[in-house]
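Okay, so here's the structure we're looking at.
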Amino acid sequence: MAELLRSLQDSQLVARFQRRCGLFPAREDSPRENGAGPSEGATRVPEVAHIPANQQLVMYIGQVAKDILKWPRPSSPPVVKLEKRVVAEYGMPSTHAMAATAISFTLLISTMDRYQYPFALGLTMAVVFSTLVCLSRLYTGMHTVLDVLGGVLITAVLIALTYPAWTLIDSLDSASPLFPVCAIVVPFFLCYNYPVSDYYSPTRADTTTVVAAGAGVTLGFWINHFFQLVSQPTPSFPVIRSIPALTTDMLVLGLTKFMVGIVLIVLVRQLVQNLSLQVLFSWFKVVTRNKEARRRLEIEVPYKFVTYTSVGLCATTFVPMLHRFLGLL
């Protein structure tokens, strides 16, 4: 077993996969990058009811596991790394693999009793989506096979353990007036007490972004139900609805709603981010636009959390209200 695990963690295995996909190192490749390590200015595009809660749990555990295990990413060479900005992070587990598995299979489990579609088709789509994301992490040279398999396995265990509580989470979401307090305070506490690393890496910021967005979505769901901003389902049992065929009118309406929502979300994100940074810079007496200051715990976590909680809240509450006002619903 130990020999098998070592072989799955071998960078050569990733390199052979890249060569089979037609990816070869360029002659002018930069010097060696042996996995995680201090990287000046490293940034990262964030890896974006019970569905957001499950995603929060999966991503937080995955990101924390990276900084606890501290397993390096594949060595370069022989691996060609296509994402140079994330070399400061550790590799195990692959949070991309975890997110893809969590999203696809949580969606499958949540909809298979509510909509009429072939289960085999839904399962195939979930497997294909997860597999493509996992293979993309090998192709980009950012993870070993063991990192990817570990991410998938951890997510499968988390889904199995949390599945019995999904109904309880949904009922708390719409019933308890204390639920929004827990939905905000607990995630913020976890992000602020994120494991301290030996050097700066974007994992804490990424974790705060994902967890805060999930908190905002959860808060938005609670507001919609508690203040009856959405119609309540009449039957207590799952309603099976057939998925309508895609028409030109539906496509145009969907694209219009998407563009309206994106514009509002971007405006809210920019506004809240600027305001929160100004308040924090003034409170801690920090020079404005100081990039190093934005990495400090007392500034990075609060401004990220407030910003992306607002984004999640906007997406689930204010965007539908705007759609209704414009007659798009």
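These residue numbers are counts, starting from 1, taken along the chain as shown.
Note that Cβ sites are derived from N, Cα and C of the backbone, with glycine treated the same way.
In TrEMBL, annotation is done automatically, which means it is predicted and not curated.
As stated in TrEMBL, the feature transmembrane segment covers range 208-227 out of the listed 48-67, 88-107, 208-227. Panel annotation: around the transmembrane segment (178-196), residues 56, 60, 63-64, 67-68, 172, 203-204, 207-208, 211-212, 214-215, 218-219, 222-223, 297, 301, 304-305, 309 of the same chain, lying at least six beyond its termini, place a Cβ under 8 Å from a Cβ of the stretch. The stretch in closest packing with the transmembrane segment (208-227), judged by the count of Cβ pairs under 8 Å and taken from 115-136, 148-166, 305-326, is 305-326. Broken down with DSSP, the domain 'Phosphatidic acid phosphatase type 2/haloperoxidase' (48-163) shows 80 helix, 4 strand, 32 coil.
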